[in-house]
Amino acid sequence: MEIKNVMVVGSGQMGSGIAQVCAQAGFTVYLHDVSDEALDKGVNTIEGNLSRQVEKGRMTGEEMRAVLGRIRRTGDLADAKHCDLVIEAARENMQVKTSIFKTLAEAAPDHAILATNTSSLPITEIAAATKRPEKVIGMHFMNPVPVMKLVEIIRGLATAEETFAAVKEVAVRLGKTPVEVNDFPGFISNRILMPMINEAVYALYEGVAEKEAIDAIMKLGMNHPMGPLELADFIGLDTCLSIMETLHEGLGDDKYRPCPLLRKYVKAGWLGRKTGRGFYQYH
Ligand code: CAA
């Protein structure tokens, strides 16, 4: 199956990054969000990223205009009717996602694949909200999307082999490395990453070390590009908490219990970089 047109639902941090790499790979992209403000923000982020590439001499101004010209803004999910693949990157909320998938399954052509960028919600449950569960799959990109090489591809219980093969090919066309996993809470990426972050928060909570020390140890000692607390601020503490809750509930083991300090920060509205304050302060 040839994929030419891609819809990206959600123009936030992940959605705009996904739209950017799709447009750079030559796909026509329908970038969807519910408000003009959200679309403006997403397109501005893409323009900023591409301008940096032009400044660094990695792309010409003409190429940048061609990439931007392949992105069509839309506020209407019915535009999925033009698309062969939809990648949903909306809020991490099951009700929001199932409602979007129901609409998409009605609007998109029969051959279209419906992928979700969810970081931990069950693909099988999202697929069950549609009449085409064999066409539903997880395509989990990492932040920042233009930089990170991985796309974690998650098969739901009913995902068809041809859906998997088509999505894998798209990931390669985007310059990414697809890695296949099955549908269990947190998949592989967050099942391993989030307990590490949560443990770092426990270490801080218990006074084992200062936050700077915890981050320095993991950066210098394990060669991680960011320490776990710095990374938690980058991802968003609300996102970290919600993924830990999914692991705790879905796997049922107390080793996934979110640290009370993480809950406290989220309750305070200290969500990390996006709110200017998390474990660290940002100006
Ligand atoms: N968008 C696009 N490009 C970006 C970017 C962004 N938001 N942030 C950085 N870059 C680019 C820079 O332009 C730069 O490009 P060049 O090398 O081509 O010039 C390159 O990335 C490196 O950037 P910097 O020199 O500014 O900074 P750095 O070397 O410290 O790297 C980083 C920044 C890539 C974010 C690095 O710190 C890193 O890899 N951090 C870990 C990120 C990570 O773990 N992500 C996964 C999070 S988990 C997730 O996403 C899944 C989930 O479900 C929660």
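From the backbone N, Cα and C atoms, a Cβ is placed for every residue, glycine too.
Summarising the annotation, TrEMBL assigns NAD(+) binding site to G10, S11, G12, Q13, M14, G15, D33, E92, K97, S119, N143, K274. Residues or ranges marked as domain '3-hydroxyacyl-CoA dehydrogenase NAD binding' in TrEMBL: 5-183. What TrEMBL records for 186-282 is domain '3-hydroxyacyl-CoA dehydrogenase C-terminal'. Per TrEMBL, site 'Important for catalytic activity' is recorded for H140.
Structure with TrEMBL features highlighted.
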{"residue": "G10", "record": "NAD(+) binding site", "contacts (Cβ under 8 Å, 6+ apart)": "H32, D33, E88, A89, A90, R91"}
{"residue": "G12", "record": "NAD(+) binding site", "contacts (Cβ under 8 Å, 6+ apart)": "D33, A38, K41, G42, A89"}
{"residue": "M14", "record": "NAD(+) binding site", "contacts (Cβ under 8 Å, 6+ apart)": "A89, N117, F141, N143, V145"}
{"residue": "K97", "record": "NAD(+) binding site", "contacts (Cβ under 8 Å, 6+ apart)": "E88, A90, R91, T116, T118, L121, I126, A129"}
{"residue": "H140", "record": "site 'Important for catalytic activity'", "contacts (Cβ under 8 Å, 6+ apart)": "N117, T118, S119, V151, E152, I153, I154, F187, S189"}
DSSP-derived class (H/G/I helix, E/B strand, else coil) of D33 (NAD(+) binding site): coil
Sequence-ordered binding-site residues from G10, G12, M14, K97 with Cβ under 6 Å of an atom of ligand 1: none
Other CB atoms, at most 10 A from the CB of D33 (NAD(+) binding site): 24
Largest inter-residue Cα distance among G10, S11, G12, Q13, M14, G15, D33, E92, K97, S119, N143, K274 [record-listed NAD(+) binders, Å]: 22
Per DSSP, three-state class assigned to H140 (site 'Important for catalytic activity'): strand
